[in-house]
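Some features that TrEMBL has for this protein:
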TRANSMEM  30-47  transmembrane segment
DOMAIN    39-290  domain 'G-protein coupled receptors family 1 profile'
TRANSMEM  59-85  transmembrane segment
TRANSMEM  97-118  transmembrane segment
TRANSMEM  139-163  transmembrane segment
TRANSMEM  195-219  transmembrane segment
TRANSMEM  240-263  transmembrane segment
TRANSMEM  269-289  transmembrane segment
C-alpha cells in the first residue's frame with residue numbers, strides 16, 4: 001500500500017524494474033562505501049598524526065575528507081537499506097533532515113574546494129607572505145565560514161518542508177531524500193522552494209567555480225613568468241591534485257544538472273545513475289587523487305603504517 005496524504009512517511013525507490021537484482025547491485029555500492037570510509041578516514045588520521053602535514057593545504061584537505069565522510073554516512077544507510085533489506089519507508093522528519101545534510105554538505109564541499117584554490121593562489125602568487133596570511137587562526141575562520149555558508153543557506157528551503165501538506169503518492173525517486181524530490185509531492189505553493197535553490201546554486205556552485213577558474217588563470221600567468229622550466233613544472237605540480245578534485249566535483253555537478261534540465265526523454269535509470277555518480281564518485285576519488293599525486297601524502301601513509309606495524 002502506498003502511504004496516503006495523512007501518512008507520516010515517504011517511500012524511497014531503488015532501481016525500478018531491477019528489484020530482483022537489488023542484492024547484486026548492492027555489492028558494488030557496499031565496496032565503494034567501504035573504500036570511501038577507509039580512504040577519507042586514513043587521510044584524516046594521517047593529517048592528524050603527521051606533524052609534517054600540519055600546514056594550511058592539508059588542513060583544507062582534512063576538511064574535504066571530513067565533508068566526503070559526512071556525505072557518505074548521510075546517504076549510505078538508506079541506500080543499503082533499500083538495496084539489501086527492501087526497507088523503503090522513511091519518516092518525514094528523518095527524510096527532511098537527510099535532505100538538509102545532503103545539500104548542505106554539497107555546498108560545503110564546493111566551499112572547501114574554493115578555499116583550497118585560495119591556498120594555492122597565495123602559495124604561488126605571494127609565497128613570501130604565505131605563512132603570515134594563512135595562519136592557523138585564518139584557516140579556522142575560513143573553515144567556519146565555509147561550514148556556516150553551507151549549513152545556514154540551506155535552512156530556508158528545508159524548513160517549509162516540515163509544514164507542507166503532502167497529498168500525492170509519497171513515493172520519492174531515489175534511495176535517499178532530496179529537496180527537489182520532496183517538493184514535487186507537496187500540495188502547497190512551492191514557488192519559493194523552486195526559485196530559491198536556483199539562486200543558491202548560482203551563488204555557490206557557479207560563483208565558486210568561476211572564482212576557482214579566475215584564480216588558476218592568475219596562477220598560470222604567474223607560473224609562465226618563471227624563467228626555469230623545471231621550476232614551472234614543480235610549481236604547477238603542487239596544483240595538480242586540487243585541479244583533479246575540482247574537475248571531478250564540478251564535472252559531475254554539471255553532468256547531473258544537464259541531465260535534469262535537458263534529459264526529459266532520457267531513461268529514468270540514467271538520471272538515477274548520474275545522481276549516484278554525483279554522490280559517490282568525488283568522495284571515492286579525492287583520497288585516491290591525493291594519495292597518487294602528492295608525494296608528502298605517500299610518504300606520510302608509508303610512515304603511518306610502518307610505525308603502526310613496528311608498534312604491533
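Including glycine, each Cβ sits where the backbone N, Cα and C put it.
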Contact call for the transmembrane segment (30-47) against the transmembrane segment (269-289), three or more Cβ pairs under 8 Å: yes
Residue numbers, six or more beyond the limits of the transmembrane segment (195-219), whose CB comes under 8 Å of its CB atoms: 107, 110-111, 113-114, 117-118, 120-121, 124-125, 149, 153-154, 156-157, 179-180, 239, 243, 246, 250, 253, 257
Non-local residues, at least 6 beyond the ends, that sit with Cβ under 8 Å of the transmembrane segment (139-163): 56, 59-60, 63, 92-93, 96, 99-100, 103-108, 111-112, 114-115, 118, 179, 182-183, 186, 192-193, 196-197, 200, 204
Long-range Cβ neighbours of the transmembrane segment (240-263) (under 8 Å; 6 or more residues past either end): 64, 109-110, 113, 116-117, 120, 180, 201, 205, 209, 212, 216, 270-271, 274-275, 277-278, 281-282, 285-286, 289-290, 293-294
Segment-level pLDDT (mean, integer) for the domain 'G-protein coupled receptors family 1 profile' (39-290): 93
